[in-house]
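Taken from Swiss-Prot, the feature active site, charge relay system covers His169, Asp200, Ser278, and the record attributes it to sequence analysis. For 54-64, the entry in Swiss-Prot reads compositional bias 'Basic residues'. As annotated by Swiss-Prot, compositional bias 'Polar residues' applies to 68-77. The compositional bias 'Basic and acidic residues' annotation in Swiss-Prot covers 78-93. Positions annotated as domain 'PDZ' by Swiss-Prot: 334-414. For 1-101, the entry in Swiss-Prot reads region 'Disordered'. Residues annotated as region 'Serine protease' in Swiss-Prot: 141-318.
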Amino acid sequence: MKNSEKRGRKHKRQDASSAENAGGEVKEASANEASLPQSPEPVSASEANPSPSRRSRGRGKKRRLNNESEAGNQRTSSPERSRSRLHHSDTKNGDCSNGMIVSTTTESIPAAPSWETVVKVVPSMDAVVKVFCVHTEPNFSLPWQRKRQYSSGSSGFIIGGRRVLTNAHSVEHHTQVKLKKRGSDTKYLATVLAIGTECDIALLTVTDDEFWEGVSPVEFGDLPALQDAVTVVGYPIGGDTISVTSGVVSRMEILSYVHGSTELLGLQIDAAINSGNSGGPAFNDKGKCVGIAFQSLKHEDAENIGYVIPTPVIVHFIQDYEKHDKYTGFPVLGIEWQKMENPDLRKSMGMESHQKGVRIRRIEPTAPESQVLKPSDIILSFDGVNIANDGTVPFRHGERIGFSYLISQKYTGDSALVKVLRNKEILEFNIKLAIHKRLIPAHISGKPPSYFIVAGFVFTTVSVPYLRSEYGKEYEFDAPVKLLEKHLHAMAQSVDEQLVVVSQVLVSDINIGYEEIVNTQVVAFNGKPVKNLKGLAGMVENCEDEYMKFNLDYDQIVVLDTKTAKEATLDILTTHCIPSAMSDDLKTEERN
């Protein structure tokens, strides 16, 4: 792509706390919490009158998505990938819209739950609670600030050990979480014990003993079969009391989890999952929980398609927390692989007619398996289970599933036996499994974003939340092409590698001529490669050369007088009411 093209942000669309992202009730947080659905928070002056447009170098738009995940990646039967939309049944980060999801086609009314099924579910319904959360999200575009707080409502349910399960996106960036039991007028303060972003599950508890009185925990059932009846219970939009919808299991496969930006086992059901249902349990006909409602599909040709987190994923999350006293995540095999369905391809790789498997294309440099596996190895089996040429393994009678399911059943730090074919020789390796280290992480949790400012240049690291903050929900089409390429294909070469960019330039006399530099990667400083933001901040702070030279992407350079630039920084910070030239984590690390 030509260097003469400008890079930058587009005009931001009005987001209103991203209420459109996935339904649910959203209201401004206040001391007086109204129980009725209210309007999304108003547009701020900056949102209503965006700054001058900065043209992007993104891909051409093909469709509009309401969420950070594409329906085409869900492997559903959607005939038109360009029009389908996946939604949290609550909303992004728990933010909920107070509007119903409307389809252009006439939706059929789901059948009412049978009396026998309802009777069996009734004892478990008392364990279903309503979750009230106040969120305060970081401002990734202005990392020294936080966004205006907002509140959301979703569902949850009580399990053993005085704990409550709900969705991770329902309590992400929480500042306060309260729970209310069925038939109660009291809201109890809750503590978040763990948040699993990949699996979209959060674990809560309540210290008040009164909350646990007179309620029995929900019991988990086995993985349901296709066409098994399910009843979804929760507190969706449209009322304040508990709601029950019913349907059947219509599909079971590896799904893209919208919030987690990962792929795990999921159930597709035809029971209605509406805004506010997030975190609510799905019961079988015996009154046992077989899943957690978490997202739905919006498509003009789709009706009543909801998705449920199944019990194997839930149990993995709970056992992971109990085993490590924290959530460590779902391990992955750090490879990219290719199907071996073509017979000529198999012969060229030295495979016998009876051998099946998948070819390794690339290996994550930070993954433990990079020490033993090599590109073009053929993975024949994982932990004794043979892998087919299309990458599937036997699941249940008459069913097959992607072999990533086998990996997701493991825990971080577990070992797995991998059999590979290399140069017509069969080899076996014991591999220690670990979580995925992404160059551009899907989530930044537990701390505000890092930043560093000198001479008005705002340096920060790129993450998916940052891209979404800069370019909106359609960042995959509007962000600069080079950032998107790194997001989709780049692999971190070390565990501490980060993608550092000039986010923006706060205009001052010292940076005349550099004002249009926006979201451009910093490649080197004074001839030394920039590995991460901490390293860049350290080099700038300790620079004693006459000039500071920043090498940027697209072969751009920035040269500043070192003494003048450092002196001008304080005035720029004062002008823009920025409390510090760097985030607290960089200060702490530098002192250490």
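Think of each number as a place in line: the chain as shown, counted from 1.
Quick reminder: no glycine exception, Cβ is built from N, Cα and C everywhere.
A simple way to gauge crowding: the CB of His169 (active site, charge relay system) has 34 other CB atoms within 10 angstroms, across all the protein chains here. A separation of roughly 6 Å, to the nearest angstrom, links the Cα atoms of His169 (active site, charge relay system) and Asp200 (active site, charge relay system).
In this structure, Ser278 (active site, charge relay system) belongs to neither helix nor strand by DSSP; it is coil. Around Asp200 (active site, charge relay system), the C-beta neighbours below 8 angstroms that are at least 6 residues distant in the chain are Asn167, Ala168, His169, Tyr257, Val258, His259, Gly260, Phe294, Gln295, Ile309. Predicted-model confidence for the region 'Serine protease' (141-318) is 91, expressed as mean pLDDT. DSSP places the residues of the domain 'PDZ' (334-414) in helix, strand and coil in these numbers: 15 helix, 23 strand, 43 coil.
For the recorded site, His169 (active site, charge relay system), the DSSP three-state label reads helix. Counting every protein chain shown, the Cβ of Ser278 (active site, charge relay system) has 38 other Cβ atoms within 10 Å.
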